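The next block holds one structure in the form of structure tokens; read it before the comments.
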Amino acid sequence: MKVAVVLIVVLVVMMIGQETDSWRIRIRRGRKIFRKIRPYIPFVIGAVGKRQAGDAEFQAKYNAAAEDGVFTDEEIKSVFGVDDNGFVEFKATYDVDGDGVVQVEEYETVVELTENLAG
């Protein structure tokens, strides 16, 4: 019985050793691959770039609608381009206090929280 326990302990130690060795190989391979593609990363980022939150036309419409601090139903439909079904979902998502009016502050808070949760 003691011999069996010793053999099991030895096998477990050997298995752990094999697992760490296999992780080391994977990490080393990952480092080699990263070293090969690292010089090209700035070119890819420069070509694709980080997408802006919106284009100039959207930004102009948004700023005009946000001047009074409240998005009216017509402003929501024209600025965000939602139809009647999307309008109901938009109100349900961005009307935080449930008063039937989407305020700019509510909209920006929900967008910021969503971006933070998305990463």
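Using N, Cα and C of the backbone, Cβ positions are placed for all residues, glycine too.
The signal peptide feature in Swiss-Prot is assigned to 1-22; the stated evidence is sequence analysis.
The feature domain 'EF-hand' is assigned by Swiss-Prot to 82-117, with sequence analysis given as support. Here the domain 'EF-hand' (82-117) returns a mean pLDDT of 85 for the predicted model.
A coil conformation is recorded for ASP99 (Ca(2+) binding site) in the three-state DSSP classification, outside any helix or strand. As annotated by Swiss-Prot, Ca(2+) binding site applies to ASP95, ASP97, ASP99, GLU106.
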Additional residues surrounding Ca(2+), by Cβ distance to the ASP95, ASP97, ASP99, GLU106 centre under 8 Å: TYR94, VAL96, GLY98, GLY100, VAL101, VAL102, GLN103
Nonlocal residues around ASP99 (Ca(2+) binding site), in sequence order (Cβ under 8 Å, 6 or more apart): none
Residues satisfying Cβ distance under 8 Å from GLU106 (Ca(2+) binding site), sequence separation of at least 6: TYR94, ASP95, VAL96, ASP97
